[in-house]
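Let me begin by presenting the structure, written as structure tokens, before commenting on it.
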Amino acid sequence: MKRPKLKKASKRMTCHKRYKIQKKVREHHRKLRKEAKKQGRRKPRKDPGVPNSAPFKEALLREAELRKQRLEELKQQQKLDRQKEQEKKRKLETNPGVKASNLEPVNEEFGQRKAKNKAKAGKQNPKKLYCQELKKVIEASDVVLEVLDARDPLGCRCPQVEEAIVQGGQKKLVLVLNKSDLVPKENLENWLNYLKKELPTVVFRASTNLKDKGKIIKHLKLKKRAPFKNEVCVGKEGLWKLLRSFQETYGKAIRVGVIGFPNVGKSSIINSLKQERICNVGVSMGLTRCMQVVTLDKQITVIDSPSCIVSPLNSASTLALRSPASIEMVKPVEAASAILSQADARQVVLKFTVPDFKNPLEFFTLLAQRRGLHQKGGSPNVEGAAKLMWSEWTGASLGYYCHPPTSWTPSPHFNEGIMTDMKQGFNLEELEKNNAHSIHSIRGPCSARSILFQSSGLTNGIIEEKDIPEELPRQKQQEEGEDHNDLDSDQESVDEEADEESLAMVPAEETWALPEESQADESAQSYISDKMAEEEDDAYDFSTDYV
């Protein structure tokens, strides 16, 4: 009888064959271990990031942060669109009497409305949206904190905003001197004595290294050691006690609005009070685009606001320091020259370690040679050096200071009655003690290591939407083209990232950023690529010589 054919072949084999296979496997593993031992263990190579020697490192980091911000905004917008579509489908499912033929017109109407809303948001100037949000914050606040940069407090005050607060009714205005560790102690005391004659003033130094929404920072897991300078928050207790004393006299819960020009540290102050990184902060200017409500406790609520818009009628140095879009309106060399003309030349030479110069162009040439910024052909990149100086001057690391006016004169929108009303309800004696303790605990630089800067005075701002100048059509087209290209390039990476809650909820055009495709960035990228090519050539020559 013929044996039926099996569907699967049997895996049985002779012992001789099985032992032979096991022996070959052992020999192969032994050979691999021997080769690995000769070569040594190689750890996976980590991404080093942007090297410190690369020029325009801060500009490249700004671009990366702005690109990340766009991705978050795009993800949030897509999430909102999906929610709207789901709500529309649920409404249609709840009405069983609706026929299938009626679904198509509804979807078409919904698509038309969506397109119209997008067109309106695209046509509207984002600066007008910032004005609307700023007005909402002022109207909703009982106490308004105007954040000033201690390096130039007078240049950070906006008379239009202060006048709007005075006209808003029974609202209190408090000045906060942030970044107080970047100026000498004597200069900080002089400014405090000058400003407290007019309004209550708090000395503050925001903390820059906080836990991100409940997550533990890596350095907290390490052994206990002395806290770094940038981790210490100074003036928090004084500001807390000041707001608490006003809340007790007010008799009910209060809302505190935080306003100021770009890059003065509004969101950092809120994060320091909350002891949590709840507001979006970064190196670039104008990250906050809408009002954000943060609850400190049951009685005090803080409202973050977008930056005040700088009027284009201000001087070139004011636009370069206070407006994030100034590089688009003013050429980098002109803006940096305006800043340099108001600084002490001798202290600038010592700070940037360059020889003496006669004019700004010569200084930028020397700075480009000092930092290794060269164009094709070996000529110094003057425009890149100007942008480098501008980025360092507007950052939070360069120390400079201004002298207060010799004689005190009140602002034109204040009188004695208004100033006394602003000080009522606050415990000024306790505030003075806390300010003295804060100044004593701050380790500020000495006058010899800082740069003396001549302030331009009060900075005019724009509150009314009708006062915002219309943008040029050419500039609009450039910005729309840049935004379109960025969205196309970032669309692929949106789906790969995990969904996180974004703080910036308002989609707006990116007019508050540095120009992306600038000559400085091209030179930085070409510099890095040339360095990599040189390293590859050296490695190839070494291998050939060795052989």
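Heads up, residue numbers simply count up from 1 along the chain you see.
Positions of Cβ are set from backbone N, Cα and C atoms, glycine also.
Curation plays no part in TrEMBL annotations; they are all automatic predictions.
Under the heading compositional bias 'Basic residues', TrEMBL lists 1-45. Broken down by DSSP into helix, strand and coil, the compositional bias 'Basic residues' (1-45) contains 25 helix, 0 strand, 20 coil.
The compositional bias 'Basic and acidic residues' annotation in TrEMBL covers 70-93 (among others).
Among the features that TrEMBL reports, compositional bias 'Basic and acidic residues' is placed at 463-487 (among others).
Annotation comment: TrEMBL describes 488-502 as compositional bias 'Acidic residues'.
Mean model confidence of the domain 'CP-type G' (131-311) amounts to 82 (pLDDT, 0 to 100 scale). As annotated by TrEMBL, domain 'CP-type G' applies to 131-311.
Residues or ranges marked as region 'Disordered' by TrEMBL: 1-58 (among others).
What TrEMBL lists as region 'Disordered' is 70-124 (among others).
Feature annotation from TrEMBL assigns region 'Disordered' to 462-547 (among others).
With DSSP states grouped into helix (H, G, I), strand (E, B) and coil, the compositional bias 'Basic and acidic residues' (70-93) comes out at 24 helix, 0 strand, 0 coil.
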